[in-house]
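Summarising the annotation, TrEMBL assigns domain 'Major facilitator superfamily (MFS) profile' to 26-459. TrEMBL lists 58-79, 91-110, 116-137, 149-167, 179-203, 215-234, 240-260, 267-288, 300-325, 337-360, 366-388, 409-428 (among others) with the feature transmembrane segment.
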Amino acid sequence: MTAAPLTEEDVVPAKAGIFSKEYRASTIGFASVMFLEGFAALALVTTLPVAVGQLDGLTVYALALGGFVTMSLFGSVLAGEIADKRGPRPLLVLGLGLFLAGLLLAGTATTVWQLIAGRCVQGFASSVVVVGLNVTIAQSYPSKLRPKALSLMSTCWIVPSMIGPAIAGTVTELLSWRWVFFGLAILVSVAALIPLGFLRRLAPVADAERSTPPGLVRAATIVAVAAGILHFGASGLDPVHLLFALAGVIALVISVPRLLPAGTLRAVRGIPAAILLRGLASGIYFALESYIPLMLINQRQISVTAAGISFTGATLLWAGAAWLQGHPWSEVPRHKLVLLGSAVIAGSSLIAIFGVLGFAPPMTASVALIVAGFGMGLVLPSLTVLAFDHCPPEDQGRYSAAMQVSQGLGSVVMIGAAGALFNVGTAVGYSGGLVYGVVFTFVALIALPACLLALRTRI
């Protein structure tokens, strides 16, 4: 089995922190890698359109975006199995190596299909690295420092969404979109040296012969393909798109239960409910993130720059909430923070509905996204801490993978469902405000029961 994580009984200096001497190098290394992973996942929105356009591939732009997420679902499952069999050391070596290869593949692309292949490799590798980092944190830091470490990782993941697009856009304009990928490759090569050196100090695992559950890899493959099919199907209303969407839903219903712990879809109290809530919270947030800026620009006639304030504000409050749960609120029971964060997210969906109304101030919906960011900063790190504090050490990789799968699937399904409602509303002639109201009402109908689900995360 994997090396047991440190516990509260370990001798830890009273003033020890994640940047104290014994943890400083590993913390900086982990944070650097997570920042670069987040940059690749969130900050290329200003680069991909240019790259796809220059490669004459605008018709498959959705694949360049969706390929990253789709392959990350597949990678999360395999990463969990590798972590539990062989520990995080080979996992991070594999993930960082593939991530570097994916960046170089995309940067040297001569066709749009090579670019898409590079993004798919990056998505797979990114999920492998994230699972590996989560397991490494669980094994390397005493339990009282885990909230702080996960708070920092959460911040490093989301900050690129605030500053990354501007950096990537500037590099694209001054040099080339290719140098965005090449620059990331150089930085990843340097940043990877720190955590890989630290990993040599981790104890080896003793459960390398552990068997993979039957059908797990097949189910992961089906889920990844089904997520891509659903994403495509939700983009149109013609019979072909509808058939694809139906096929994607059926495949997900059949295969998803194999990738999640028993009882997850029934919201069994404890870790299963926590994993389910992670997917719902992520789906709710990213559905709001997808349609609030669209509504602000197209319906309320807000400038693109002003609409961008919602992204910046959401990122800042997400980071702030993550810091709160990991520092001044680190002693607060995790389930209470999860409940508070879930209530904040639910409240944000109601604010979004109000923001659609003609008499509401134009930037009201922007406030909704900012408030939702605060809720996410409380919920996601707290759910991770809760799961690692109560799962068996030998299953840390599997539970970390399940959390990533739930988060990815929740986002894909909620964005797809919201997109389908938006397309239907537009097709039947709903006015702009009404169609956005339908979308945000749907999100609220999912967010409010999620608060009740938060009550079941108490262990």
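In case you wondered, yes, glycine gets a Cβ from its N, Cα and C as well.
Annotations in TrEMBL come from automatic prediction, not curation.
When Cβ-Cβ distances below 8 Å are used as the criterion, the transmembrane segment (215-234) is approached by residues 62-63, 66-67, 69-71, 73-74, 77-78, 81, 241-249, 251-252, 254-256, 258-259, 405, 408-409, 412-413, 415-417, 419-420, 423 of the same chain, each at least six residues removed from its ends. Against the transmembrane segment (409-428), stretch 267-288 has more CB pairs under 8 A than any other of 91-110, 116-137, 267-288, 300-325, 337-360. The list of residues near the transmembrane segment (149-167) in space but at least 6 beyond its ends in sequence, with Cβ under 8 angstroms from a Cβ of it, reads 18, 27, 30-32, 34-35, 37-39, 41-46, 133-134, 137, 141, 311-312, 315-316, 318-319, 322-323, 325-327, 377, 380-381, 384-385. If you count C-beta pairs under 8 angstroms between the transmembrane segment (366-388) and each of 91-110, 267-288, 300-325, the highest count goes to 300-325.
Across the domain 'Major facilitator superfamily (MFS) profile' (26-459), mean pLDDT in this model comes to 83.
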